Amino acid sequence: MMEILRGSPALSAFRINKLLARFQAARLPVHTIYAEYVHFADLNAPLNDDEHAQLERLLKYGPALASHAPQGKLLLVTPRPGTISPWSSKATDIAHNCGLQQVNRLERGVAYYIEAGTLTNEQWQQVTAELHDRMMETVFFALDDAEQLFAHHQPTPVTSVDLLGQGRQALIDANLRLGLALAEDEIDYLQDAFTKLGRNPNDIELYMFAQANSEHCRHKIFNADWVIDGEQQPKSLFKMIKNTFETTPDHVLSAYKDNAAVMEGSEVGRYFADHETGRYDFHQEPAHILMKVETHNHPTAISPWPGAATGSGGEIRDEGATGRGAKPKAGLVGFSVSNLRIPGFEQPWEEDFGKPERIVTALDIMTEGPLGGAAFNNEFGRPALNGYFRTYEEKVNSHNGEELRGYHKPIMLAGGIGNIRADHVQKGEINVGAKLVVLGGPAMNIGLGGGAASSMASGQSDADLDFASVQRDNPEMERRCQEVIDRCWQLGDANPILFIHDVGAGGLSNAMPELVSDGGRGGKFELRDILSDEPGMSPLEIWCNESQERYVLAVAADQLPLFDELCKRERAPYAVIGEATEELHLSLHDRHFDNQPIDLPLDVLLGKTPKMTRDVQTLKAKGDALAREGITIADAVKRVLHLPTVAEKTFLVTIGDRSVTGMVARDQMVGPWQVPVANCAVTTASLDSYYGEAMAIGERAPVALLDFAASARLAVGEALTNIAATQIGDIKRIKLSANWMAAAGHPGEDAGLYEAVKAVGEELCPALGLTIPVGKDSMSMKTRWQEGNEECEMTSPLSLVISAFARVEDVRHTITPQLSTEDNALLLIDLGKGNNALGATALAQVYRQLGDKPADVRDVAQLKGFYDAIQALVAQRKLLAYHDRSDGGLLVTLAEMAFAGHCGIDADIATLGDDRLAALFSEELGAVIQVRAADREAVEAVLAQHGLADCVHYVGQAVSGDRFVITANGQTVFSESRTTLRVWWAETTWQMQRLRDNPECADQEHQAKSNDADPGLNVKLSFDINEDVAAPFIATGARPKVAVLREQGVNSHVEMAAAFHRAGFDAIDVHMSDLLAGRTGLEGFHALVACGGFSYGDVLGAGEGWAKSILFNDRVRDEFATFFHRPQTLALGVCNGCQMMSNLRELIPGSELWPRFVRNTSDRFEARFSLVEVTQSPSLLLQGMVGSQMPIAVSHGEGRVEVRDAAHLAALESKGLVALRYVDNFGKVTETYPANPNGSPNGITAVTTESGRVTIMMPHPERVFRTVSNSWHPENWGEDGPWMRIFRNARKQLG
């Protein structure tokens, strides 16, 4: 039976206004819109009155429910029938954890009530199209129609393909019907294999073969034989990549054989809790570094949010499934799309060339895709610290004559680093009889055929197959699985995981054969043991769907009880679905129909399928020289600063958590003005050291339209000039991931791909001492469609994205682009050797040209010398600022450095040649360094020692003030105020934020950027940062116990434990499942801290589901009430823990006036480094800190204080319960965005109880307790940042 319960309003006023504006623009006479959530409960038994009240209370969250009866025509948007939304999975978990076992499932829809003039059926279809994502959702016209969400269908049996009766044609028909993308020779192979077996294949076997042998999974082109211009080539593409490892194997521990590559890290204290006691401690051991970069292009073109989210999620799983289990740590993301054409902000180079109906626009991708990628990383708890963004779409005269080149099929790049124990780097042995396990969520009828779909050019497959290949994301489930993997690797030798892979393209049909085959075994499986929420799925759908957040593992049979215990504690679902066999055979039994849908020798599936040969021709580019007529430097500057590739990326940065883990030493945002211009991302290797890891990206795809090899060389060069900004040492410590995107089969592109791979794999990287131990290829970068009777094609440029990773010697020595105005000199190191080529530059693009000659690596020895010289100068602390020259050229390099330093530039380019335009906009490799005037001679000597004397040019100095002036020989070449340039550079991000977020907030942020008087972040402390008030108490040897409390989805507990540990506590890991099961109580603890993250993925309100699982369980409720009433206890709630504890007011004495915390005014997750002041309050944790003003990490989507009315706010203030407030850079309490990131009244961001024993706050002190993890800090701070005082106060209070 289904019950319907009304929910809170679903859309903020500005979202409704945006919808109305869209309807008006489409000339649809819609007058009013009201939207509210509607909940549907599928019950297996009736609820009594108490249970019903409990369910109603559970589903009461967010803004107050509307009292009026809605008016207008109902359009009910729900998840597609036959799918289960992430919201449903998590809300149902909460209901069960609150004791409501009668609830089979909860689901949620949005009911839109629309009042409109007379609309035709076609116009109503336009309205519904605006309200839902057809890939994920459906529209009903009555609430009762939602019954379809819970419809159950009978299982369907496997289908046989009549090969023996109908011959080869049966396979050809199945290939088209199922969208298998099989080549002719593969059809021949299958015909031969099944004829020899003497039976017909089942659809599931063909599907499994297609996925396992798709280009996506098998990389056929990279393993192919090559004939170019009639000449047989000696090596495959992959062999040329492997050549880099053969030449420079140094420091690589694993390459080409696992889900990620591994290189040597540093010996540090890894911090985690003991399995038996729950006590956190440091474990001194090597923390080796793993690296992986994936792409998820096809799904992102179809449905950008889930496409980008599952792209990030899949890459995170690759990291976790490395070796015998590893820990993902920090991420990067990238996008290449066609022109944005932002409404009202269209640029002169942006022409509309049309697109296929089935894919979304570049603007849609960049509105939704980055949010999906960021949301997954945020909820999983991985900081996103690096990225790139390129737009390109133009009709150009390239290798193949005049044609359309651009990114209608986008690049969505997701990558990152992690850490792994030395003894877990290599996979283990799979014993015969080992249990084969699926860890993670249930099978669902989604994401079918993603591997094969990704391997086709967009436009070749049926639209319904595109629809089927989109996946959905549930990062909170992946977090639970990762917690299990963490518990396993933390056991060291007792790790129960023998072998692990992630489930990606092809689902279990690819993952399980790969698992057993890699382990040298076969496998027998039971289909019906696979967890599934949809009983009506066919065997093919159960085995081959790409439901996310799953891993496959081999676990020794005698270790299964331990594994079961770990999974139950973390509430991570798992199923034992088979066991490993001696015989290399794959069998899948179906208990329901008592038949064998799969019964195959493994070598039929993964054996010697036909090898591809590429027989291709070379084409030379025909580019025309850059036409200069009408180009002025002033106009060029404004255009280039508006090009999204160059323009400010804040709209892509602040949506992503950049502080979680407490180990982020360098994020994108630089300096007191938080400008997103960092050269590279840097993390600390642990919470107790200055060793670290660095990541950087290099990419110059448009250059490939003129010169394939130069484009590839520049990508490597740019990655190197970016990562050089931190202290790495020997260049052999740097390892690269190469992600290759090409339109295979397009005239000239295959030969160009070979040329590019050869340039990097055979020549440049071996000469530099660089290794490429990991990478990925995507070979179908083309879209086709029809405009009227005309056939259209958009082909991407050959695109190589290089991600560089390295161990860091000392993270404190990372150099940023932030200029200083002390007596200084700016030096350009020009690795272009004066060539100043303008082909395929940002300048050429904004004037709709390509040019003829591009930049290139002009001298490999000088590039190596450059890296070594910069490393020497970094180690000697001789550099004040550093920024590489890249998109936009020297002009942009200097401008970004000035923005970061909030200063002026007095530049002189006389020594850079007579062509001023080329000197300023050429994108040859190089960098600008700032040095003290007194050090200039010594610095130039170091550069000369490394063979760079002829590359060094003095180009002026940074000056205080607002002027940005470039001269040559006494003549002004360009002059403008830095503030004006800053505003131009910011306009793209402003327009994107206005479209996507609350436009009022976007306007406030943009306005703030034009304030030259802004002093930036600054610090005023009322206490001595170096005083350790806990020291006398630590000296006693007593270590009070603090319960570090987490719920499923919490992700900030480790850094929280480390902060308390440093202050003299024994930090104990306490999961809510421990309390609910009675394994642990709170009676033995002196302090309790509820940590940040996304408990239950923030469904049912941020922290509210967590709180209700306490309030609705009598024993646990009493446990918390007793703790809060016990004198001499302390409690802290941070972020999600703050939201949770604000909902426990009925249990916490003196908290009656606490507010609720609701959706930010911006309607967006906000990750900021914000200034707060400590106010006078009873809070025991903030004693001695009153009056201090200091920055702190902020990361939340629901942090806005909501009070009942003005009287409630006045009472909260008059009782003195406000503990922290947001202030602007002038020290004034603020409600203005983004200084106040959530819009809380009076800047309130922390409150306390009347006794001061319980304090809750939205910002994260535990992420910045070390100075090194602050995005910016005064230079005189030592190891501990000022927020360490909170934790020491806690220790002092407990005596």
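Every residue number used here counts from 1 along the chain in the order it is shown.
Each residue, glycine too, has its Cβ placed from N, Cα and C.
Per Swiss-Prot, the features are:
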type     : residues                                                                                                       : note
ACT_SITE : Cys1135                                                                                                        : active site, nucleophile
ACT_SITE : His1260                                                                                                        : active site
ACT_SITE : Glu1262                                                                                                        : active site
BINDING  : Gly307, Ala308, Ala309, Thr310, Gly311, Ser312, Gly313, Gly314, Glu315, Ile316, Arg317, Asp318, Ala678, Ser886 : ATP binding site
BINDING  : Glu718, Asn722, Asp884                                                                                         : Mg(2+) binding site
DOMAIN   : 1042-1295                                                                                                      : domain 'Glutamine amidotransferase type-1'
REGION   : 305-327                                                                                                        : region 'Disordered'
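Listed as Cβ neighbours of the region 'Disordered' (305-327) (distance under 8 Å, sequence separation of 6 or more from its ends, same chain) are residues 133, 135-136, 254, 258-260, 262, 290, 292-296, 298-299, 333, 368-373, 375-377, 380, 382, 412, 414-421, 424-428, 447, 470-473, 475, 478, 481-482, 485-486, 488-489, 495, 497-504, 548-549, 551. Listed recorded positions near Arg317 (ATP binding site): none (candidates Glu718, Asn722, Asp884, Cys1135, His1260, Glu1262; Cα-Cα distance within 10 Å).
Ala678 (ATP binding site) has its Cα within 10 Å of the Cα of these recorded positions: Asn722, taken from Glu718, Asn722, Cys1135, His1260, Glu1262. When every Cα pair among Gly307, Ala308, Ala309, Thr310, Gly311, Ser312, Gly313, Gly314, Glu315, Ile316, Arg317, Asp318, Ala678, Ser886 is compared, the largest distance found for this ATP site is 32 Å. Here the recorded positions are Arg317, His1260, and the one whose Cβ sees the fewest other Cβ atoms within 10 Å is His1260. Among the recorded positions Glu315, Glu718, Asp884, His1260, Glu1262, the ones whose Cα sits within 10 Å of the Cα of Cys1135 (active site, nucleophile) are His1260. On a Cα basis, His1260 (active site) lies 25 Å away from Ala309 (ATP binding site). His1260 (active site) and Asn722 (Mg(2+) binding site) are 29 Å apart (CA-CA, integer value). Averaged across the domain 'Glutamine amidotransferase type-1' (1042-1295), pLDDT for the predicted model comes to 98. Note on proximity: of the recorded positions Glu718, Asp884, Glu1262, the one nearest Glu315 (ATP binding site) is Glu718, by Cα distance. Spatially, by CA atoms, the binding-site residues Gly307, Gly311, Gly313, Glu718, Asp884 include one closest to Glu1262 (active site), and that is Gly313. DSSP gives Glu315 (ATP binding site) a helix state. When other Cβ atoms within 10 Å of the Cβ of Gly311 (ATP binding site) are tallied across all protein chains shown, the result is 27. Glu1262 (active site) falls within a helical segment according to DSSP. Spatially, by CA atoms, the recorded positions Glu718, Asp884, His1260 include one closest to Gly313 (ATP binding site), and that is His1260. In this structure, of the recorded positions Ala309, Ala678, Cys1135, the smallest number of CB atoms within 10 A of the CB marks Ala678.
The two recorded residues, Gly307 (ATP binding site) and Glu718 (Mg(2+) binding site), show a Cα separation of 28 Å.
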